[in-house]
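Here is what Swiss-Prot says about this protein:
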BINDING   28-35, 146-149, Val175, 183-186  ATP binding site
ACT_SITE  His35  active site, proton donor
BINDING   Gln59  beta-alanine binding site
BINDING   Gln59, Gln152  (R)-pantoate binding site
Amino acid sequence: MTELVHTRADLAAARDGLTGTVGVVMTMGALHSGHETLLRAAREQADNVVVTIFVNPLQFGPDEDFDRYPRPLDEDLEICRRAGAAVVFAPAVPELYPQGQPRVWVNPGQLGEELEGQSRPGFFHGVLTVVLKLLQLTRPDRAFFGEKDYQQLTLVRRMVRDLEVPVEIVGVPTVREPDGLALSSRNRYLSPDGRTAALSLSGALQAGVAAAAGGADAGAVLAAAHAALDAGPPGVQLDYLVLTDPELEPGPVTGPARLLAAAWVGTTRLIDNVSVQLAPRY
């Protein structure tokens with residue numbers, strides 16, 4: 001039986017009633033198969049699963065889609081029930097931010113100003129602030145985050161480590177459609193032509209992976225990804241395409257790396273990333 005709570009007090013009471021380990025999955029709702037994968041991972045690795053559903057206004061810029069962001073709570077609850085979640089915490093904005101905005105924010109550091117942070121100023125301040133708040137409220141043993149939002153995952157791990165938050169952060173691989181498109185709640189905004197164009201993003205990343213598997217160096221991997229993107233259908237406005245190390249530091253010459261991309265397809269912003277293994281240089 002899944003318990004739905006809307007207030008911090010009711011969440012505290014529900015959390016106190018859980019015995020054994022607790023895993024939390026933080027979402028903004030509009031759940032899809034990618035979220036279901038997170039829920040399954042949490043269910044496998046914890047005795048109890050707490051899901052948070054909260055469209056966080058702090059991580060939306062003035063020209064972004066906060067008001068139109070989908071909020072199908074009944075559908076989300078059914079997914080949580082099927083997944084065996086013990087508690088769903090779905091607060092209203094004033095419940096988490098009674099004064100409208102917090103007076104103390106989490107500063108993500110330099111990495112929070114790069115990539116997504118450069119295109120969306122203040123975004124990761126809002127993300128880390130709400131994540132820390134929800135970690136304090138849910139008191140989990142483990143928290144599960146998708147690798148699709150790889151920069152977010154990396155920053156959450158840094159925050160937990162630097163601030164000594166007693167929780168294990170578990171990254172869960174990206175879930176994709178059969179044609180390779182990374183699952184995202186924002187995919188529902190895409191027109192049929194836009195969805196076809198969006199495949200260029202995952203196609204470019206896979207071209208980079210293939211180039212690396214063939215022995216290409218970092219520059220050639222990026223060139224292969226750019227070439228695949230340029231050869232794709234029109235309608236994709238690239239924001240960034242970068243190759244870094246797994247901690248999002250400047251790209252390595254050899255070994256494990258991360259290839260990340262972001263683009264606009266019409267009015268919809270999409271992000272994606274893949275792991276890349278660069279061949280040793282002799």
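Glycine residues also receive a Cβ, built from the backbone N, Cα and C atoms like all the rest.
Location within the structure of each feature annotated in Swiss-Prot.
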{"residue": "Met28", "record": "ATP binding site", "Cβ contacts under 8 Å, 6 or more apart": "Ile53, Phe54, Val55, Asn56, Tyr69, Ser185"}
{"residue": "Leu31", "record": "ATP binding site", "Cβ contacts under 8 Å, 6 or more apart": "Glu75, Asp76, Ile79, Cys80, Ser185"}
{"residue": "Gly34", "record": "ATP binding site", "Cβ contacts under 8 Å, 6 or more apart": "Gly146, Lys148, Thr174, Val175, Ala182, Leu183, Ser184"}
{"residue": "His35", "record": "active site, proton donor", "Cβ contacts under 8 Å, 6 or more apart": "Val25, Thr27, Ile79"}
{"residue": "Gln59", "record": "beta-alanine binding site", "Cβ contacts under 8 Å, 6 or more apart": "Arg120, Phe123, Phe124, Gly126, Val127, Val130"}
{"residue": "Glu147", "record": "ATP binding site", "Cβ contacts under 8 Å, 6 or more apart": "Leu153, Gly171, Val172, Pro173, Thr174, Asn273"}
{"residue": "Gln152", "record": "(R)-pantoate binding site", "Cβ contacts under 8 Å, 6 or more apart": "Glu116, Phe124, Val127, Phe145"}
_Using DSSP and collapsing to three states, where does Leu31 (ATP binding site) fall: helix, strand or coil?_
coil
